[in-house]
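S.K.: Before I ask anything, here is the structure I am working with.
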């Protein structure tokens, strides 16, 4: 049934021709952004790798026939093709705001149009090829007369159509209405133009409008990031019907194909929609099928002359789909295609399950091998029960229970929050927090409030407090311990309040009249600290362990058949024999990746970015892009924030002159803490480009210390997520690492600390990498780079103590457990270097790390 024009039409599935893969074209090194088809059947693709390529089918294969290279850094975002009187023309919309015009017989552009100020994200040729339309991030639509365009001389009389307030993403024309056009924008509106005059404004989408299809002079369709197709009446500028996608969160393109509409979008799918005029004359659009492709995003789709469908993927490929059995791909291609799709869907399913059940997986260090066992914790459940299940699954002794429970709480904020009673928020420095502790600095000063939330790690809360009050980083472990202890007290207090009974000697969980013998959940004995015997009741742990606690050892009695008596069972870390090649302590090896510089709202960075943006010519950011960057300072890193506009903002702003890059890198180091943006900028070619850009900045040795600080912080924060870790762990260290080490020796303490933190994170990434596979070279290279930079320093007294401690952490971690690397360090006289570093610190934690390094050299 037809709806009122505002509700979603329910989707049905009907039979349709079965599409299968015909060809997979490895077209571009990065995203294939746009497609076009010539009258002769040639396929054209434009990519983010700065190329446009022509593909012709010869026999059963697609072969590249032409390639047009764009200048370095000028990615292709839109293309349009036209047959003119003097030959074909290819129009290429580029990121710098230019439109390059190519033709036959020469590789260089016939002309370059410069009227747009920013990225040209859409191009359209009208049906008679008399005019081209272009849309840009500068919010303008420009109409270009192209009938007499040639390679020698022609002066354009362009028509600029202002009206949209944000980027223009799609264009269309009416075949039966000359000089009448449509434009769709990020401002959520569609405008109908006659020349440069706005005839109508269509409002109905709730997000960016990305695609347009004209059906007749009186009707058209639009689609966008709200996941809907809307059927519009031109005369009244009103919605006729609205249809919801079955596949895409965002719809990126929409194309007509015989009796179907094709849409591509965010989820790497191709959706088929059947069009039916309906008995009542109303148009009905029904989602019939969704084809999964291996790629993450599908940017565009075009119908070929033989009715096959070409789909542009974010993986740089072009996927050709067909219904003709004679054009079906060979079995090996089909198998590979299906395997990639299955892998993608499997990963998606696992991700959805994990999100649905809110399950967190952490690695538990039981014996001398780091990250050996997986522990899965479901948010909102009792960490004690989780620890019991973990022990049972892995056949571990019950005396590990307390240690594993604490381990879970230390690493998972939701576990610490379990059973915490809700209380009134406290306000510190104008912000609300769950709790706050008083910290006395001495010297007669009043206590400072150290705030923390139950959903954040003690380490992070302590780091925030240290940064806010400019305290030594060496006090972070102590402050984090205070917060952790307070969380434990709060948790116990909440448990007591819930039970309703508390014994002043044993605490909660004692015997309660008429209550279940094990309802307390713990049943702690005031003398043994372990589970007591309860007649006719199962052990308080929830599974039968066969013993209760020994009052002297806290462990169970000897049992000949017990699995823990095999000689190979796990034991507490404190009971392990000391291994001088693997020293352990609060800071050794590096306990986790350090994230630096997250305090504050970034008002100064935002103001500076806007100021410097006004000075840019080719790479000026539009309001959409600036707003996207501003959001980075207000969204938590757990939001997994990402958007194409934000990505493009960085791609453009990183092209600014070096002296203008300080605010850009300030935003980038925040972006790298978000999983999606980290994955985007640190993956494959983009990752190598990022590393190259950071190297270029440090090589230029800018006078601006803040710029060098932010380069080091970008490197450090890149280790926040796996893709960034893999990038820098696999990067050639001979160039970048020495540059970072050089910053450690700078006279500015803030630069020393930022660079040393980058090195510490680097060492941890290489250590974790070596645990998975033997790869000696990178650790050796990092060690050599550090030693080459610091071995000639006679005294480190001018360095900040915090930076020295981080540097020592980097050294001990890169050597940790690897006899070959330790031997290399020993041959390079690291004991003497460690002694000089030890002399420069007064803090015991720093001195202990230096002693650990010396002890390691004695072990080989």
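Just so you know, the numbers here start at 1 and follow the chain as drawn.
Each Cβ is built from the backbone N, Cα and C atoms, and glycine gets one as well.
Just lifted these from Swiss-Prot, have a look:
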REPEAT    27-65  repeat 'WD 1'
REPEAT    71-112  repeat 'WD 2'
REPEAT    115-154  repeat 'WD 3'
REPEAT    163-203  repeat 'WD 4'
REPEAT    204-242  repeat 'WD 5'
REPEAT    244-283  repeat 'WD 6'
DOMAIN    397-497  domain 'PFU'
REGION    494-585  region 'Disordered'
DOMAIN    586-856  domain 'PUL'
S.K.: Take the repeat 'WD 3' (115-154) and count its residues per DSSP category (helix H/G/I, strand E/B, coil), listing them in that order.
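M.R.: DSSP classes over the repeat 'WD 3' (115-154) add up to 0 helix, 17 strand, 23 coil.
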S.K.: Between the repeat 'WD 1' (27-65) and the repeat 'WD 3' (115-154), do 3 or more CB pairs sit under 8 angstroms, pairs being 6 or more residues apart?
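M.R.: They are not in contact.
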S.K.: What residues elsewhere in the chain lie close to the repeat 'WD 2' (71-112), defined as a C-beta under 8 angstroms and at least 6 residues from its ends?
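M.R.: Distal contacts: 30, 33-39, 44-52, 118-125, 129, 132, 134, 136, 138, 146-147, 149-151, 154, 618-619, 648, 651-652, 655.
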S.K.: Across the repeat 'WD 1' (27-65), what does the mean pLDDT come to, as a whole number?
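M.R.: Mean pLDDT for the repeat 'WD 1' (27-65): 92.
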S.K.: Determine how many residues of the repeat 'WD 5' (204-242) DSSP places in helix, in strand and in coil.
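M.R.: When I sort the residues of the repeat 'WD 5' (204-242) into the three classes, I find 0 helix, 23 strand, 16 coil.
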S.K.: Helix, strand, coil residue numbers for the repeat 'WD 2' (71-112) per DSSP?
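M.R.: Taking each residue of the repeat 'WD 2' (71-112) in turn, the totals are 0 helix, 23 strand, 19 coil.
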S.K.: Can you break down the repeat 'WD 6' (244-283) into helix, strand and coil residue counts using DSSP?
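M.R.: So the repeat 'WD 6' (244-283) is made up of 0 helix, 22 strand, 18 coil.
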S.K.: For the repeat 'WD 1' (27-65), how many residues does DSSP put in helix, in strand and in coil?
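M.R.: For the repeat 'WD 1' (27-65), the helix, strand and coil counts are 0 helix, 24 strand, 15 coil.
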